[in-house]
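Here the structure is laid out as structure tokens; the discussion comes afterwards.
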């Protein structure tokens, strides 16, 4: 039986009872999660990776519950892709994060989830929208992790909702394929690099995947991976600017292959483009499996992060121009410029559309 748009609200990730007439509608039984010092940078702003992890947890819960809402083989929803995510407003230590999630489209083997993050100042009661994200999940069988199961359909209130969702599905599917095809790059260390060059700020982090990083199936949570990617991107941005930096947005994050418990993963980041006020950083994750089934290193995840430079007072600062040296760096700079101009044009069109309404 088809289900209506599934909705879910997260207080502190507690379970609740499915609401009548919905795929899943979970009330908020308790206050949301309060942001603590270990969630933030030295300026008191919550790390983008912390927020991305909360977003992914919300998406994973609602997707897994929906995919198990009908009789059949039990499964766990695995993150396949995160669409562009904008950080609309910073969140600070002491504020409360409330996350809400809604299933907006289902194909035969995937689920689209829309997630919103609100911050609340518990002293004044003021609330603001800090993040909006779209995530795609696929249900994997608990009996066979390589088996993708079928997703229970949802019921749409309007035919246009289904048509628009199908269009988004086809677009992300094509983009995932194109991204995977160009994922052969490797970052090599540079000896005595000059300031503001790509080699000067590029960074890597090595992490051994343990049980606490993984799902019931023994594969890394998408939120854990995104948090590590944000940490590396933040280091790259800070090395380039030598100032306080914050995540402004994340372009599509593509999860190409699962990462199993026991793997050693290398998260690498390099700057690809700078405008006057922002920096684009390419981050990818390579996995080296050592336990159970040794195989060659493979590219597991890739994404582009955008950061801005801030003063001690939290005001935007000019970003030093990236100095490109090789032909590949110049090519990546032009590609990044294209993405920047495309995003800027899209934002301006949305603002004009909103003003006309």
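Quick reminder: no glycine exception, Cβ is built from N, Cα and C everywhere.
Here is what TrEMBL says about this protein:
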ACT_SITE  41  active site
ACT_SITE  230  active site
COMPBIAS  328-338  compositional bias 'Basic and acidic residues'
COMPBIAS  348-357  compositional bias 'Low complexity'
DOMAIN    25-143  domain 'HotDog ACOT-type'
DOMAIN    199-313  domain 'HotDog ACOT-type'
REGION    326-357  region 'Disordered'
Separation of alpha carbons, residue 41 (active site) and residue 230 (active site) (Å):
12
For the compositional bias 'Low complexity' (348-357), what are the DSSP-based totals of helix, strand and coil residues?
9 helix, 0 strand, 1 coil
DSSP says what for the domain 'HotDog ACOT-type' (199-313): how many helix, strand, coil residues?
26 helix, 54 strand, 35 coil
